[in-house]
Amino acid sequence: MGGHRMVLLGGAGSPGCKRFVHLGFFVVAVSSLLSASAVTNAPGEMKKELRLAGGENNCSGRVELKIHDKWGTVCSNGWSMNEVSVVCQQLGCPTSIKALGWANSSAGSGYIWMDKVSCTGNESALWDCKHDGWGKHNCTHEKDAGVTCSDGSNLEMRLVNSAGHRCLGRVEIKFQGKWGTVCDDNFSKDHASVICKQLGCGSAISFSGSAKLGAGSGPIWLDDLACNGNESALWDCKHRGWGKHNCDHAEDVGVICLEGADLSLRLVDGVSRCSGRLEVRFQGEWGTVCDDNWDLRDASVVCKQLGCPTAISAIGRVNASEGSGQIWLDNISCEGHEATLWECKHQEWGKHYCHHREDAGVTCSDGADLELRLVGGGSRCAGIVEVEIQKLTGKMCSRGWTLADADVVCRQLGCGSALQTQAKIYSKTGATNTWLFPGSCNGNETTFWQCKNWQWGGLSCDNFEEAKVTCSGHREPRLVGGEIPCSGRVEVKHGDVWGSVCDFDLSLEAASVVCRELQCGTVVSILGGAHFGEGSGQIWGEEFQCSGDESHLSLCSVAPPLDRTCTHSRDVSVVCSRYIDIRLAGGESSCEGRVELKTLGAWGPLCSSHWDMEDAHVLCQQLKCGVAQSIPEGAHFGKGAGQVWSHMFHCTGTEEHIGDCLMTALGAPTCSEGQVASVICSGNQSQTLLPCSSLSPVQTTSSTIPKESEVPCIASGQLRLVGGGGRCAGRVEVYHEGSWGTVCDDNWDMTDANVVCKQLDCGVAINATGSAYFGEGAGAIWLDEVICTGKESHIWQCHSHGWGRHNCRHKEDAGVICSEFMSLRLTNEAHKENCTGRLEVFYNGTWGSIGSSNMSPTTVGVVCRQLGCADNGTVKPIPSDKTPSRPMWVDRVQCPKGVDTLWQCPSSPWKQRQASPSSQESWIICDNKIRLQEGHTDCSGRVEIWHKGSWGTVCDDSWDLNDAKVVCKQLGCGQAVKALKEAAFGPGTGPIWLNEIKCRGNESSLWDCPAKPWSHSDCGHKEDASIQCLPKMTSESHHGTGHPTLTALLVCGAILLVLLIVFLLWTLKRRQIQRLTVSSRGEVLIHQVQYQEMDSKADDLDLLKSSGVIQRHTEKENDNL
């Protein structure tokens, strides 16, 4: 159907259904072919053809065009080789030889279609070039343009030399039966690359002009070549024309290709085969390499080429021995990814400005003899930087030591990021003369050895200063066991060991630092007595002495343990405000000002585009400033500095903290100039919002909290969507007189749904559902016969029967799907893993991918947790064998720590775009997946966990029903029935990943529960833990079922009938359009509208299928049948 999508709805997977569907597509395809035979070009399109007439063959002659079934010629005014090149390429005769004018081309007849044609040479067709207009000219047929092209079959190329090697020598081309040369004017490495590739001789090593590889004789065929290096033949490059030149044979060009170069590499005068002076063999003669611009990237290519993969140092004139003979290469500049040294940029072979005292060398390693560690700092993640290279130990010199260098060291050791760098004065007693000198790290390297220009050896470190670093992993905190992010038992990791903290060792200041480091806002409360459950294992006895201003717990000093006993019953817990820091700035008091957020470590003003009185009131309450009195527009308290954050809060006004409000930041539009959120609070700490009088369904109000009010209040009217998987899709529920109730679907339509979406700040409605599409509600049915005009700001402002007046049951509950409804998935062609694949988001009715730019491990962790896959994962480039996705929706997603969903993470604005090398799609692999094996159902079996690339089991020590509850919930099963021990479903294989698990039952995943460290177990597989859960809850459990095969066939048959009717109507309408004249613009618009309507219907069907509710929809239809 002309490339337009047709989406089949129906969950039936029966063979009968599939046969119906296949038959349907066959019928549609045959009908389409029959219809196409009767269809001409669409209005506004001109059928155009090109040919050469009157020539010796199909690739020479007079240029003729066919327009509106009329053949005509082209005038030769301004006719050049650019135009000829386009004509030849278009006709599949890629080599242009001559541009013929009236003197060489026979005269045509009829129309003269084009004049003053001007091509760049890159057009795909002649009619894409500029010209005076169709049929406009001032020529006669005596000036008809012509061309002579070649299909390349009569052209040959060779390299000529005395040794007879086909891959080096003077370049010669055979044209019109005669061999001739190529002039060296403007000749470059790109030209040489085309020649070597064309001859199958590998890459181009060098080229030379001035007939250095011998002068030829006969014609000089080509001059002033312009190649980009991608051409398949030299004559495909632009040039002056065959035989046109201003050279003689003293300028003949020659080329040496890889297969003719006789190249080799070696290291000499070193302590091993992987170190020494670098020598290169070229054309049978060994020579050296000059050390001009010689650095570690160049050395890394040499080491890799010689099979010694790690470059330790690039040796220059100080340490390398002197060679003799030729100096072959100078000014080498490698990127580091090249496979051979001669692929790097360099001066011409043998051209240099050096002496042998500047010969370059390298020291390489196979990696096994390199070690870097931190010593003397209290853990493996803090201390003096010590290195061991090829069994020689030394220290890192602090001369030139930067935070970027320290960052790389911390990352290499698995210790997070660098918090602090120091230099320790080294005692001369036992001084070492072996030092590692920092080079220039950019901070993105994975190991220190990848940094540029670091040096190793017996150089002097002035003042004996040793480099010292404290990494964030020195004392890394986490919160465990809380019901929401940013709350839980405080656990601290020293090196590789996690332990809890006693409640008398953590002050309010230290708790503030913990919340700040975890990007969880500010501390709300400190709870003792193992409030979130007792930990296991280590209890740290040190007291954290923080000032409260530190960014990381590792920067706080600690007091030695006191002589007092602590057990896990006194484990301390912390509740943070759950969200980023928030403050008021620029006001005359602490209770008014510009709203500023601290996100991703940076303060910036909040955009006011979605800031309202409900949000402002919650902030005032949080800051103990009473209630919100007003939210001034514009930059009332100044624009502020830093990035303007576009977070959108969705507070109801009843929350205690701004972090308790629903919030979205993903895809938020860029904030307009001067749109800065502000608030003026009452300042009365004891003042709270009082309930307003009840609203009638027809009463109008612009907000549940008026913007200006002497006595601020909060109305009872609230709205939510339930059961749709997000805040912008689901069953419509209204809060009235202290309870939530539903809305009846009588007369429910898109206008009503639009009011709901607008009220919830969810965009526009894309579907208005009825018949309890999102499941039946409970309690009151508050509204019925809702009739909106579309201008209302609240659903209860629309006309209705009145509060609680209805003649419905809950099976008629109304629902809505809004354009801001979002869903997340990982998709791959195999469909075997829902925790591995391309990351896609559903937005505005369409699935699209998410870019991987700036995607951090924190962001990947949010994705994996949101999908119920794992706590962490990895992001990789899309595998090359994967099919392209739909357009990309959003890129540059950056999640701070502590967020629940990807929707809360800042990113680029929503915009459909295509993936590119600088903005690639995300392929995510989530870690720590969990499954049940050998059970009788999907919800029973042996518990197995995916960790570090393999599946393993769980030991049954301390295994109980609370542990089973967590696993059942994590797998989406029903209630836990049994926690089974002693390999009840048979022994597993592989590692035993977890032991001594002690869940409370309310954790979101098994790895949130206290347990021994990973793989620390004294169990065998005969002790593998298992569980039994109730089956997964599906809508089938709430409805009767009919005969599945018959139902499926009826559904598929109905769908097929609808498809055929739509297609026949479309075909008839298209034929009507074809009968109209080409100039009828009105009919063109009708044609376009039909296409848009079909696309819109296809998109609607895609939406239902993709939004996660299609299964319920189909089941309900099957039940009704």
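Each residue, glycine too, has its Cβ placed from N, Cα and C.
If you compare ASN138, ASN186 in Swiss-Prot, the N-linked glycosylation site annotation sits on ASN138. Recorded disulfide link (Swiss-Prot): CYS808 to CYS744, out of the candidates CYS713, CYS728, CYS744, CYS895. Swiss-Prot marks one residue of ASN104, ASN122, ASN319, ASN844 with the annotation N-linked glycosylation site, and that residue is ASN104. According to Swiss-Prot, the cysteine that forms a disulfide bond with CYS566, out of CYS502, CYS620, CYS625, is CYS502. Annotation in Swiss-Prot places CYS895 in a disulphide bond whose other cysteine, of CYS869, CYS905, is CYS905. In Swiss-Prot, the feature motif 'Internalization signal' is placed on 1091-1094, out of the ranges 159-162, 351-354, 1091-1094. In the three-state DSSP scheme, ASN138 (N-linked glycosylation site) falls into the coil class.
By the Cβ criterion (under 8 Å, sequence separation of 6 or more), the domain 'SRCR 9' (930-1030) is in contact with the domain 'SRCR 5' (477-577), since 3+ such pairs are found.
Summarised by DSSP class, the composition of the domain 'SRCR 6' (582-682) is 13 helix, 34 strand, 54 coil. Long-range Cβ contacts of ASN138 (N-linked glycosylation site) within its own chain (separation 6+, distance under 8 Å): CYS75, ASN77, ASP115. The domain 'SRCR 1' (50-150) shares the most Cβ pairs under 8 Å with 157-258, out of the stretches 157-258, 265-365, 477-577. Within the domain 'SRCR 9' (930-1030), the DSSP-based counts of helix, strand and coil residues read 16 helix, 31 strand, 54 coil.
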